[in-house]
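Have a look at the structure below, then the notes.
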């Protein structure tokens, strides 16, 4: 008897700065999925959050102009209906596994994971709470610190406490060179390296455009940027390590390096580091994955100082899958091919769904429970 193919739904796009990166990742994954094993549907969230159906999403996959397709599709949509944005969800009723390839807002912050949970379907990646915490740099650092995982010192600045953190005070505590980062943005959006009061104030003003929580971090001098990929649910493993080297004229691996002009960026995989340092970074990656309760996959980013001391930077719970993305490349050099990696991620999603199905949510029937007497005092 022939085995039934699994129906995989790729969700991509979204309203983040990585919309086009998401499209490229999803296209690569679609091409790599073994069509003898899987039936594949694709659903694109537009930049305004409207979910296109499979047919129209495939038109964009096949090269039609995205703006033209979206304009044509939404012209007759009644947006007074609060469910209009997700009206095409009816197409997913026979989906076996959701594969979100949405970076940043909506994709990595727990939003779309909540949708999958409501639909009671398996999905690749971390759960609702884990995704939300991992996307918030402030909550991530707090949780890692509680678990003894080394990360850079910082202060949290909000519109309410901004006056309590003038540049002079923060510089005295963390050093004159600082990084100013929105807590809940990806792709280095809104991140600034500052060295004086004027730059600091301008960076805060810009950062508040993207979030009301701003991290002001100490700057590690001339760090090496090292990456580690993690795979698994509870039984997890770390990949070999990779490194990013940017042009000497640039301050850090910023949005421009990532998406505008990456011609001067060098990716080294695997990177040759002292064995002790390599093992420490791999162990910190596994410890962080567990502390954040991640599932399926994550890429861990580190800064290594001149004394070979690694500092945890951040976690990416839905890393890119483009031709130059580090997550799949690190597994490639670790012995797992691109297509095999995708097969494993799909199985991990099914395993996690089945494990969660064993959890009981039984409640006493309302009206049958025994209650105490209510005493009204004077």
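Cβ atoms are placed via backbone N, Cα and C, with glycine included.
For 171-226, the entry in Swiss-Prot reads ATP binding site. Here Swiss-Prot flags 301, 314 as Mg(2+) 1 binding site, drawing on sequence analysis. Feature annotation from Swiss-Prot assigns Mg(2+) 2 binding site to 314, 316. The domain 'ATP-grasp' feature in Swiss-Prot is assigned to 141-347; the stated evidence is sequence analysis.
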Of the binding-site residues listed as 301, 314, 316, the one whose CA lies nearest the CA of residue 206 (ATP binding site): 314
Overall pLDDT for the domain 'ATP-grasp' (141-347), taken as the rounded mean: 91
Among 178, 220 [binding-site residues], residue with fewest other Cβ within 10 Å: 220
Cα-proximity to residue 316 (Mg(2+) 2 binding site), 10 Å cut-off, over binding-site residues 171, 178, 199, 213, 301: 301
Residues that sit under 8 angstroms from residue 301 (Mg(2+) 1 binding site) by C-beta distance, when 6+ apart in the chain: 225, 226, 227, 312, 313, 314, 315, 316
Three-state secondary structure, residue 178 (ATP binding site) (per DSSP): strand
Cβ neighbours within the same chain of residue 185 (ATP binding site) - under 8 Å, at least six residues apart: 104, 191, 210, 211
CB within-chain contacts under 8 A for residue 199 (ATP binding site), separation at least 6: 192
Under 8 Å by Cβ from residue 213 (ATP binding site), same chain, sequence gap 6 or more: 136, 138, 156, 157, 158, 182, 183, 184
